[in-house]
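Student: So Swiss-Prot has the following annotated:
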type	residues	note
BINDING	L15, S16, G17, G18, L19, D20, S21, A22, T23, V24, V25	ATP binding site
BINDING	C194, C204, C207, C210	Zn(2+) binding site
Amino acid sequence: MSELTKTEKRAVILLSGGLDSATVVAMARAEGYVCYTMSFDYGQRHRAELDAAARVAGDLGAVEHKVIGLNLNGIGGSALTDSSIAVPESPSEGIPVTYVPARNTVFLSLALGWAEVLGARDIFIGVNAVDYSGYPDCRPEFVESFERMANLATKAGVEGQGFTIRAPLQNLSKSDIVKAGTALGVDYSLTVSCYQADDQGRACGKCDSCRLRAEGFTAAGIADPTRYF
């Protein structure tokens, strides 16, 4: 192992291919991290996000982009993994049916495993608790609790080489996220946020994710490159 490899600052970054996670990759890169990105083919209906994730990883200089296959549609329970459940096209009360049971817990666990193998001590996730859909696994207390678990459940953690779960977007509005990413050179035309995106990555313009994205660009005063079908 070279001296550079020994001393480089590595991070594993969960990259869905959407606006938030693309911004997080740019933020980590700006902090000097060598970026390893991880996406999941979990049976989601909006599979165009996987192509978007690969584009973003390449554009932002990730040294490795890994796609993990999971069969969360075998569990179901979400409009994103069960085609018999419609994606809502208007805001609803409570936790919406687009919540995927335990998704961020599963994703962070696999990112944690890869981070331990790589010798990375920082794991980035693009969760947000301001302009968001109300998912329980996007809240600060979830991130803090997972970090405690990570340091109890791993060889590196119990040997004192602790992990940090970084959620730099946690308290930002969607417009602040758009502004930050734009300043860091994120090409948002490469991203896909829509829960019902077609194979070409074109958005429905009606789902909660589309609404939050459009409102963010409008509030930021930045042109929205989203393509619609």
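Including glycine, each Cβ sits where the backbone N, Cα and C put it.
Walk me through where these features lie, including what they touch and how far apart they are.
Tutor: Within its own chain, T23 (ATP binding site) has G126, L169, I177, V178, A180, G181, L184, V186 as residues 6 or more apart in sequence whose C-beta sits under 8 angstroms from its own.
Summarising the environment of C194 (Zn(2+) binding site), the number of other Cβ atoms within 10 Å of its Cβ, over all protein chains shown, is 26.
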Student: Identify all same-chain residues not among L15, S16, G17, G18, L19, D20, S21, A22, T23, V24, V25 whose C-beta atom falls within 8 angstroms of the centroid of the ATP site's C-beta atoms; report them in sequence order.
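Tutor: Filtered neighbour residues, in order: A53, V56, G126, T191.
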Student: Provide the number of Cβ atoms within 10 Å of the Cβ of G17 (ATP binding site), excluding the reference atom itself.
Tutor: 26
Student: Restricting the comparison to the binding-site residues C194, C204, C210, which residue's C-alpha is spatially nearest the C-alpha of G17 (ATP binding site)?
Tutor: C194
Student: Same chain, not part of C194, C204, C207, C210: whose C-beta falls within 8 angstroms of the C-beta centre of the Zn(2+) site? Give them in sequence order.
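Tutor: Apart from the listed residues, the neighbours are V87, S193, Y195, Q196, A197, A203, G205, K206, D208, S209, R211.
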